[in-house]
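Structure, as structure tokens:
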Amino acid sequence: MVKRIVYLDIIRAVACCMIVLMHAPHASVPGYVQVPLYFLTAAGIGLFFMVSGALLLPVKMETGAFLKRRMGKIVGPLLFWTLFYIGVNLLMGEMTVHEIPLAVLSIPFSAQGHGVLWFMYTLAGLYLLSPIISAFLVKASRLEIRFYLLLWVVTLCLPLLSLILDVNSTTTGVLYYFTGYVGYFVLGYYLHKYKANIRPFILVVMIVIPLILLFIHRYYGFNGDFYDLFWYLSITVATLCIAWFTGVQKVTGYFQIHENRLLTEFSKACFGIYLMHIFVMRRFLWNIDFLTYGLGWVGQLLTSWLFTLIISFVLTWLISYLPFSDYIIGFTNRKKK
């Protein structure tokens, strides 16, 4: 039986709750609520990648065996949910039969059916890169890893620097090869192995300061796109990710939180919850008028979030006992004979 790392299970659960909450607001929710909510929950994506990096890096098995195991866990679910969402779009009249061939042929190259599946492609890319990264991590010192993480952090700051400097952020830029989600992947490994010694007060500051910057950007205005400055690949969201990861790590150790079945099952189900939550929320819950319009925007937000989490978790848990559940949600609870 695989020994669970409790704090990583908690972080994965927190990240899952963040992503579902990000997608929960209906149009009735005021903009002054939606914007900070989107920003605060954007950390969920980085945390997902950080957990993956903490668990997988460095790769200790032969490359072929590693890729067969890891890619096998996402290719099946990706195909299933892509075809599922294409089918839903077809039934809802949002897609024509003539568009299906192009969509199917495009599956290896981009998310089809629903944009939420983009995450699967990025994760697959990180899996493909893992053996190469691992060769460096096995030999690298702590200082060397920090140096390359620092280069990644600089790339996250480029949108801010470009407000005052002439910055080349194209493919010819000197730091182009250090951009992207691979930084979160390696950061997760680094924080898991070396454990940052950040005081609780500083962790709070790491959340408050980005919020202040968001407030200034929204209400006082300065040049710069929201998605460049406050989205997944921004220094502000990366700061939130470090604060959350380190904070949960510290709290779990301080209170000696142990493994429990509900946490384990929810953590295992997060992949399936992510894949189906948009369908549960947007196609089912949002079509119940009382939940969408009868509870006010606070009620709509909370009920959409909680009911989506509960329904998606229960469905994922039930599916995990079905044959071929690995190809639907990426794992199984069926006992192997």
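Cβ atoms are placed via backbone N, Cα and C, with glycine included.
Annotated features, as they stand in TrEMBL:
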{"type": "DOMAIN", "residues": "6-319", "note": "domain 'Acyltransferase 3'"}
{"type": "TRANSMEM", "residues": "7-25", "note": "transmembrane segment"}
{"type": "TRANSMEM", "residues": "37-57", "note": "transmembrane segment"}
{"type": "TRANSMEM", "residues": "78-97", "note": "transmembrane segment"}
{"type": "TRANSMEM", "residues": "117-138", "note": "transmembrane segment"}
{"type": "TRANSMEM", "residues": "145-165", "note": "transmembrane segment"}
{"type": "TRANSMEM", "residues": "171-191", "note": "transmembrane segment"}
{"type": "TRANSMEM", "residues": "198-217", "note": "transmembrane segment"}
{"type": "TRANSMEM", "residues": "229-248", "note": "transmembrane segment"}
{"type": "TRANSMEM", "residues": "269-285", "note": "transmembrane segment"}
{"type": "TRANSMEM", "residues": "305-329", "note": "transmembrane segment"}
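Taken together, the residues in the domain 'Acyltransferase 3' (6-319) have a mean pLDDT of 95 on the 0 to 100 scale. Panel annotation: around the transmembrane segment (229-248), residues 7, 10-11, 14, 39-40, 42-43, 45-47, 50, 153, 156-157, 159-160, 179-181, 183-184, 187-188, 191, 195-196, 198, 200, 203-204, 206-207, 209-210, 213-214, 217 of the same chain, lying at least six beyond its termini, place a Cβ under 8 Å from a Cβ of the stretch. Scored by C-beta pairs under 8 angstroms, the transmembrane segment (117-138) has its highest count with 171-191, from the stretches 7-25, 145-165, 171-191, 269-285. Counting residues 6+ beyond its ends, the transmembrane segment (198-217) has Cβ neighbours under 8 Å at 35-36, 39-40, 224, 226, 229-230, 236-237, 239-240, 242-243, 246-247, 250 in the same chain. Taking residue pairs at least 6 apart in sequence, the transmembrane segment (37-57) and the transmembrane segment (171-191) share three or more C-beta contacts under 8 angstroms.
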